[in-house]
Amino acid sequence: MRILAGVLIGSSVALAALAALKVRGLRAQSSSWHASLPVFKLKNANGMEVHVSTFGAAILKVVVPDKAGKKADVVLGYASVDEYETANPVTYFGVVVGRVANRIAGAKFSLGGVDYRLLANNGPNALHGGLKGLHKRRWEGRKVHDHDGNESVQLHYTSPEGEEGYPGTLHVQVTYTLLRHSNELHTSIVATTDEATPVNIAQHSYFNLAGHASGSILGHTLRLVGADHYTPVGATLIPTGEIAPVAGTPFDFTAPQTIGSRIDKVPGAAPGGYDHNFVLFGMGPQAKFITKNGMASDKPKLAASLVDPSSGRAMDVLTTAPGVQFYSGNFLDGTTVGKGGVRYGKHAGLCLETQGFPNAINEPKFPSIVLQPQDTYHHEIVYRFYNV
């Protein structure tokens, strides 16, 4: 245990106290943490709804209106919480992934002169924290609110030393806050460790702004703000180490582009499509020297804008992270049955996973994702919904 800003870190109570310092004015609606599997429901004055599970800290549902006022659930997911635990193959619908999101080459890394071996759960590589990463854990959770009427769900999980092969005990707190008078969902991910360890935690919701049951997202338009570079990948989707310009390639989303307009030109083996990390905020090859504690900024900045022309729904994504993994739902193949019995086919949803760079723990050209005991990992994301 150790002292950070006057708070003793080393227990769930301590981490709850840390969250209380970071989320000012929040009051718990109950005094205890719930260790079962409740579903917390948030609703604002505009009728926007967000449902959250303690399993995997998952976002189960996001209901927002279109330009005609018709509401729809715009995230993919399962009909019951139990399916998030038992689903095979794993889709990562709406969950928080980590300790290290994305891929680690060869399922191994070295840190402090020690070699660490992880379970290879994605071909030869480790993906999203392992077979039982944060997405497969039962979190403790509670609902809170502030004096302005904003509702939040706070979730906490302690990942013990050696879990999934990672060093150090990691305390993680995720807070989802729905603003009362605007359709904004704020996500705060805070983590501390007692030993140097790689940390890169992401929110893995699949969005379809026409509604989760509407079919393909290929007609959506996407803009990635300042993403004038990306990290090319090899055959197993591990970055090559290059930070390459997007100009003149199908990866150029610096101006709004229809997702399906160039998707067949994306290089790579079947099933094809986008599954790539984009370098945000114009940082390009200098990203390594700009980030601090894994983040590009202290406050969230606009990273992406997504629009569904058919419904008029739009979403901005703001983040403090240096990268965003744009995944176009390539591996969905119609065998996964979701909410309402819907079969999710290829490109039924897309992910905009703000994060550190894939395989950063093994790539010296990328911003470091190593969290030290004296530091705090603090990843902020805002999903802002509106109509055009």
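Just so it is clear, glycine is given a Cβ too, placed from its N, Cα and C backbone atoms.
Bear in mind that TrEMBL entries carry predicted annotations, made automatically and left uncurated.
Straight from TrEMBL, the features:
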type	residues	note
ACT_SITE	His204	active site, proton donor
ACT_SITE	Glu353	active site, proton acceptor
BINDING	Asn102, Arg103, His204, Ser205, Tyr206, Asp275	beta-D-galactose binding site
Query = Within 10 Å of the Cβ of His204 (active site, proton donor), how many other Cβ atoms can be counted across all chains shown?
reply = 24
Inquiry  = As a test of the contact definition, list every same-chain residue at least 6 positions from the residue listed as 'active site, proton acceptor' whose Cβ is closer than 8 Å to its Cβ.
reply    = Val97, Ala101, Asn102, Ala202, Gln203, His204, Val324, Gln325, Tyr327
CB contacts for Asp275 (beta-D-galactose binding site) [other CB atoms within 10 A, all chains] = 21
Ask   = Near the Cβ of Tyr206 (beta-D-galactose binding site), how many other Cβ atoms are there if near means within 10 Å?
value = 25
Ask   = In the structure shown, which of the binding-site residues Asn102, Ser205 has the fewest other Cβ atoms within 10 Å?
value = Ser205
Task = Using Cβ-Cβ distances, find the residues under 8 Å from Arg103 (beta-D-galactose binding site) that belong to the same chain and are at least 6 apart in sequence, listing them in sequence order.
result = Asn122, Asn125, Ala126, Leu127, Thr236, Leu237, Ile238, Pro358, Asn359
